[in-house]
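A short write-up of the structure that comes next.
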Amino acid sequence: MSTILIFIAALLACSLLAIWRFRVKSRRGSLPWFSAFQDAQTRKLLPEERSAVENYLDNLSQIQQVPGPTGASAAPISLTLNAESNSVVILTHSITRYGITTDDPNKWRYYLDSVEVHLPPFWEQYINDENNVELILTDTLPLVISLNGHTLQEYMQESRGYALQNTASTQASIRGEESEQIELLNIRQETHEEYALSRPAGLREALLIVASFLLFFFCLITPDVFVPWMIGGAILLLAAGLWGLFAPPSKSALREIHCLRGTPRRWGLFGENNQEQINNISLGIIDLIYPAHWQPYITQDLGQQTDIDIYLDRHVARQGRFLSLHDEVKNFPLQHWLRSTVIAIGSLLVLFMLLFWIPLDMPIKFTLSWMKGAQTIEATTVKQLEKAGVRVGDTLHLSGKGMCNIHSGATWSGQSNSPFMPFDCSQIIWNDAPALPLPESDLVNKAMALSQAVNRQLHPKPEDDSRVSASLRSAIQKSGMVLLDDFGDIVLKTADLCAAEDECVRLKNALVNLGNSKDWNALVKRANAGKLDGVNVLLRPVSAESLENLVTTSTAPFISRETARAAQSLNSPAPGGFLIASDEGSELVDQAWPSTPLYDYPAQEQWSAFQRLAQTLMQTPFSAEGIVTSVYTDANGTQHISLHRIPDKSGWWRYLGTTLLMLAMIVSAVYNGIQAFRRYQRHRTRMADIQEYYESCLNPRLTVSPENLI
């Protein structure tokens, strides 16, 4: 067992480590510079290069302290070397720049695709269409240490005053010779509504939640030793799924948005299609990328100075007064109907598994009784139990004397599973009525009398009275023959037992042949008239054995039928009282099991065995304890109480967990099913509602009051 626990603990630790590494890698992958530089070559930073970088950063910090033309100092750029700064990233790429309005003598921002980098201002004149760039990573922006063969080591040999001057240079050759000035108003983080547009739809989190539901289900059917581990795993999966769906984004996950002011213009030909027209709008040298559904509304801002918020990848988040992704999500929330569908389907799956694999009757009853506050009842008499007022969910501890029940209408056979058949000691009849008398039967007495008469004559004993002298009997025995010395008695006892014509047919025919009579009725008349008194019949041993077997087979049905009838006659308890039953079929009496089941006895022995069993079980001590699962009163006034064994602590938790899981799955399936339907309907009309909203904002309809028309 310890090996299994160690293995599970190691597996859990490895899983947590793998998740942590995956999160670290995904966090690195979410950084804007990682995807841009991941295919670049790298090398180690040389000591002289590091010295040049440190000197440049020192001079940069000194220059930033010098007030500008308006008397304000430049905003400090915190470039600090870190452990990753020892690796130089080498790549060939174009450099994009745009201007800002600031007191900083360096009025340009430089980008490699969507990654902003810090370029020493004295290298602006060396920018080409494709640039050989070497840079290192700092705590804030990547720092360019070499551009097209120019390095910071050369800068150390030149005048320090020249280093950060506003050098007169030509425009970057990437976008042409001239570009319009763009004013950088602000740099902000995207709002939660804007972040929601790039956030996944939550399908992965929905699958995690469904996986947690399945783990909770398997907790109900696995051994106790694994349950804590599975519950812990299910809680972790559920927490991870809910956190992914509802947790606010971290600050590091929110991307930067640059708030710009400039004049957007369209550069293109008249023959371009709609998609090309929406993608050929520029703000200065920045090519803007608009949402597709903004196409009808962006033309009114062309050629006019407009406030535009963009991501570093040039996607527009806001333009003008009305076009805003933030307002879209706020007024028309995203409808993630797919994740609700997945959770609803998963909940239904677990619910069906509960219905088909786990009995739900007992968990529901136990949970409801536990919530209602069930009572514990101890009783040793019928009156005590009557006063207690038994309800479903109560715990009973009963002891006393009662009768094992006999089911009505049952077919008593050897295949029945009760060791006390025909009595069922998993059900006890408990009342104050006097015990029933032992059953009696005239037919059984007649059958036994016939069997005894034949047996006495076929197997005589020396002390038995006989109408034949001892010497004659001895001579007959020596000859090998068998003597019936009272044949008339056998005929009369057979007629008394088998009164109907269709009963004991073979035995009657045999006796007719032995009596040398015309038919059975004639033979009976002769016997009644005393004409068979003193008639002796000699039989060969084979004939004697056949006669004995015929008597046995003829009397057996009478005895078996009377045994069953007598058992049914005992199934008539007095009105009132209780019938205490174990719904698991457990025996409620402490009696030794019979060595041989009743119906395994020969027919001639069943009656005596039944009487012994009845004498023991009609008034026998019993003890019963358990939780009441059902209570009802029959037409005879007997109160039927079904008991289930008292579960242990683990069983209680399983019952409670089964009920809670079933209720949770029902609520989850209904709620998420309704949400999926409603969200799907809203998702289909969301884009049309957004366009209608923009139409009402950009092209308002004026309604004229009828009073103004007068």
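In case you wondered, yes, glycine gets a Cβ from its N, Cα and C as well.
Summarising the annotation, Swiss-Prot assigns transmembrane segment to 2-22 (among others).
The annotation topological domain 'Cytoplasmic' is assigned in Swiss-Prot to 23-204 (among others) on the grounds of sequence analysis.
Swiss-Prot lists 205-225 (among others) with the feature transmembrane segment.
Long-range neighbours of the transmembrane segment (226-246) within the same chain, counting only residues 6 or more positions beyond its ends whose Cβ lies under 8 Å from a Cβ of the stretch, are 8, 12, 202, 204-209, 211-213, 215-216, 218-219, 339. Annotation comment: Swiss-Prot describes 226-246 (among others) as transmembrane segment, evidence class sequence analysis.
The annotation topological domain 'Cytoplasmic' is assigned in Swiss-Prot to 247-339 (among others). Each residue in the topological domain 'Cytoplasmic' (247-339) gets a DSSP state, and the totals come to 28 helix, 29 strand, 36 coil.
Annotated transmembrane segment per Swiss-Prot: 340-360 (among others), in sequence order, evidence recorded as sequence analysis.
Marked as topological domain 'Periplasmic' by Swiss-Prot on the basis of sequence analysis: 361-656.
Per Swiss-Prot, transmembrane segment is recorded for 657-677 (among others).
The topological domain 'Cytoplasmic' annotation in Swiss-Prot covers 678-710 (among others) and rests on sequence analysis.
The average pLDDT computed over the topological domain 'Cytoplasmic' (678-710) stands at 78.
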